[in-house]
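S.K.: So that we are looking at the same thing, I have put the structure below in structure tokens.
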Ligand code: AOF
Ligand code: ZN
């Protein structure tokens with residue numbers, strides 16, 4: 001199963017919004033086939049795995065066990081059901097990493113296999129297999145995107161300058177690059193009005209190889225100038241606002257109502273738009289709203305241990321949060337927190 005996960009990961013960045021999946025075929029402790037879902041729209045892991053078996057080993061397939069990191073599918077999508085392939089190839093035993101919460105599968109793959117007399121062993125290295133596809137699984141099981149909150153703070157917990165709003169260059173060159181990597185791993189990046197206005201971020205991944213996520217900005221009264229970098233047409237941008245709902249070029253104006261439930265409305269809109277994950281990059285107010293509503297899965301805090309500002313804007317306050325990992329990147333400390341309440345994992 002570890003090998004399945006390793007294989008699956010080779011497709012990182014190529015299969016979203018599909019999950020990463022790996023499969024290994026084993027005959028008497030010898031791997032005779034391997035495969036993974038390589039590309040969105042392409043054959044599933046099981047297909048590549050079965051096809052990889054050498055001619056000389058083909059007769060062993062009906063005496064082998066197939067390990068798959070995700071429940072084999074039961075539906076006709078872009079490809080035929082993997083459960084049917086397993087049945088057709090007379091593979092007697094399937095070991096599954098975790099259930100597939102996608103509505104068209106969701107236990108039906110396992111049922112189909114069992115109904116055909118295939119032995120199924122469930123949930124082997126389940127945590128790791130879910131973690132591999134935490135975005136896909138959260139999206140389909142919780143009907144919302146996977147939410148990552150991120151901020152950089154000074155040693156004394158400030159995220160803005162002396163007068164509150166002004167920009168502070170807190171993180172170092174290495175953490176800046178890391179943030180671009182983080183961006184490339186999510187489907188969308190969200191910022192609030194003031195962050196867009198004062199920081200004028202382009203919200204691209206120019207310091208890292210990889211796709212640019214969709215940019216999201218909250219601008220309730222449409223007062224942000226079109227000269228902001230966010231509005232350049234390189235990447236599509238969604239503007240959450242209370243005034244209009246229309247699409248033009250790479251811009252989508254998404255109408256929401258002026259009320260306390262703004263973050264819930266945004267999260268719901270992202271689900272409707274099939275956006276599986278979002279990185280919320282600020283400002284403090286928007287981050288705090290997500291925290292107060294309990295709408296987050298991970299929080300990543302970058303702390304510059306050498307910078308202290310006397311007044312300034314305080315960093316958001318976390319109510320719950322389990323420190324999952326802590327590391328040092330030159331002068332910055334990185335802390336990764338997980339939300340014990342929303343953990344689908
Ligand atoms: C598997 N093995 O390797 C993958 C699965 O549009 P399609 O036909 O590619 O189907 C996509 C869905 O299939 C996806 O949402 C997920 O439920 C499942 N992915 N299943 O048996 C695989 N990638
Ligand atoms: Zn499949």
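Backbone N, Cα and C define each Cβ position, glycine as well.
TrEMBL labels come from automatic prediction, so no person has curated them.
Sharing the record's features from TrEMBL:
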DOMAIN    1-121  domain 'CMP/dCMP-type deaminase'
BINDING   44, 73, 82  Zn(2+) binding site
ACT_SITE  46  active site, proton donor
BINDING   152, 195, 199, 283, 284, 285, 286, 287, 288, 289  NADP(+) binding site
BINDING   183, 203, 206, 281  substrate binding site
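For each listed feature, how buried is it and what is near it?
M.R.: Here the domain 'CMP/dCMP-type deaminase' (1-121) has a mean pLDDT of 97 out of 100.
Neighbour list (residue 44 (Zn(2+) binding site), Cβ cut-off 8 Å, at least 6 residues apart, same chain): 21, 37, 72, 73, 79, 82.
All protein chains included, residue 46 (active site, proton donor) registers 31 other Cβ atoms within 10 Å of its own Cβ.
Within 10 Å of the C-beta of residue 199 (NADP(+) binding site) there are 20 other C-beta atoms, taking all protein chains into account.
Annotation for residue 183 (substrate binding site): spatial neighbours 189, 203, 204, 205, 208, 212, 213, 279, criterion Cβ-Cβ under 8 Å with sequence separation of six or more.
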S.K.: Could you count the residues of the domain 'CMP/dCMP-type deaminase' (1-121) that DSSP puts in helix, in strand and in coil?
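M.R.: For the domain 'CMP/dCMP-type deaminase' (1-121), the helix, strand and coil counts are 39 helix, 24 strand, 58 coil.
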S.K.: Cα distance, residue 281 (substrate binding site) to residue 199 (NADP(+) binding site), nearest Å?
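M.R.: For residue 199 (NADP(+) binding site) versus residue 281 (substrate binding site), the Cα atoms are 11 Å apart.
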S.K.: Taking 8 Å from the centroid of the Cβ atoms of 183, 203, 206, 281 as the cut-off, which other residues in that chain fall inside it around the substrate site?
M.R.: 179, 180, 189, 201, 202, 204, 205, 212, 213, 215, 279
S.K.: Can you give me the Cα-Cα distance between residue 46 (active site, proton donor) and residue 284 (NADP(+) binding site) in Å, rounded to a whole number?
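M.R.: Counting only the Cα atoms, the answer is 45 Å.
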S.K.: What is the interatomic distance between the Cα atoms of residue 284 (NADP(+) binding site) and residue 206 (substrate binding site), given in whole Å?
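M.R.: The separation of the Cα atoms works out to 24 Å.
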S.K.: From the binding-site residues listed here (44, 73, 82, 281, 284, 286), select those whose CB sits under 6 A from an atom of ligand 2.
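M.R.: With ligand 2 as the reference and 6 Å as the Cβ limit, the list reads 44, 73, 82.
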S.K.: Do you know which of the binding-site residues 44, 73, 82, 152 end up with C-beta under 6 Å from ligand 1?
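M.R.: Cβ < 6 Å from ligand 1, in sequence order: 44, 73, 82.
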